[in-house]
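First up is the structure itself, then whatever we jot down about it.
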Amino acid sequence: MKQIQVDLGVRSYPIYIGQNLMSDGETLSRYLLKKRILIVTNETVAPLYLKQIQETMASFGEVESVILPDGEQFKDLAHLDTIFTALLQQNYGRDSVLVALGGGVIGDMTGFAAACYQRGIDFIQIPTTLLSQVDSSVGGKTAVNHPLGKNMIGAFYQPQIVLIDTLCLHTLPAREFAAGMAEVIKYGIMWDADFFQWLEDNVTALKTLDAQALVYAISRCCEIKADVVSQDETEQGVRALLNLGHTFGHAIEAEMGYGNWLHGEAVSAGTVLAAQTAKALGLIDESIVCRIIQLLQAFDLPVRAPESMDFDSFIQHMRRDKKVLGGQIRLVLPTAIGRADVFSQVTESTLEQVIRCA
């Protein structure tokens, strides 16, 4: 079992990565003893893992569950209220703990519920998708979507522990695994050139779910994110680099309807647009754009935005992006493989040229 620490002073917490960790009561015991436990999961994950995790936790306290519909389109205030209603109807107090058992949607909603309920109760992340294991479960970003924008209603709120059981990936649909790889590849582009090269060399091992390759890839992503979050918890500086591909990607998700494009698929196409924007600005050359496209394609990810989206549909969503300052769209762009920066002086005419030519 691999352990990584997210260093945030009194809010520090461990990430555990390994096989069969959902049956590891010893690791969970210190976070659950004598507490009331409410597991939040969805209709897809519940038949696979809910009974297993309930049995693991049963010796620590009273365990109940809330099962939500599965999909990004249900990450909203109405379904957040379902969690609050369960907590209130069953008289959960401040000594309770919420457990997020699922992917990024479940993790984001459960964390936000924990941040809000009685002004804050403990929560635990048990991510079951690759995307949530390498990205959304770590760092304390919690939120729900609004029809006018993704993740616009939320809070920074850290979990007590992140428990990553790599065996969950064996029940993950291939499309969901590919979507997670978009976030994995992002880390190589924006932070670690050696890791990007390793990904290029290990496509087959990852696609066949080789145990060692999975643990290394997930661990490296979590190490990078833990490092970044420890430096900049609330995204005032370097943490913004983790949004590579996301400004374009969130626009795709919002325009196409949440759930029609998976988050990772939108990030993949958005990452290519970011790379093409960087090339248009003279920050990188065509060879880097090609390497990025080839690696994304190797994992069966989309590298073009939907044909139905034009510049106007992109720009209306990008103007609502959370990174906008003083009315200026701020983009995370690669400056090399392994490096990125935030740029606020990208003109709309440049963006229009890139989007029209993509």
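Any Cβ shown, glycine's included, is placed from N, Cα and C.
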Record-annotated Zn(2+) site (Swiss-Prot): member among His170, His246 besides Glu183, His263: His246
From binding-site residues Gly104, Gly107, Thr171, the one whose Cα lies nearest Glu183 (Zn(2+) binding site): Gly104
Alpha-carbon spacing, Cys168 (NAD(+) binding site) to His263 (Zn(2+) binding site), which is rounded to whole Å: 19
For His263 (Zn(2+) binding site), nearby residues of its own chain (Cβ under 8 Å, 6 or more apart in sequence): Glu72, Gly104, Leu131, Ala179, Gly249, Glu253
For Thr171 (NAD(+) binding site), nearby residues of its own chain (Cβ under 8 Å, 6 or more apart in sequence): Leu48
Site with most surrounding Cβ atoms, counting all protein chains shown within 10 Å, from the binding-site residues Asp70, Glu183: Glu183
Alpha-carbon distance [His246 (Zn(2+) binding site); Asp70 (NAD(+) binding site)] in Å: 22
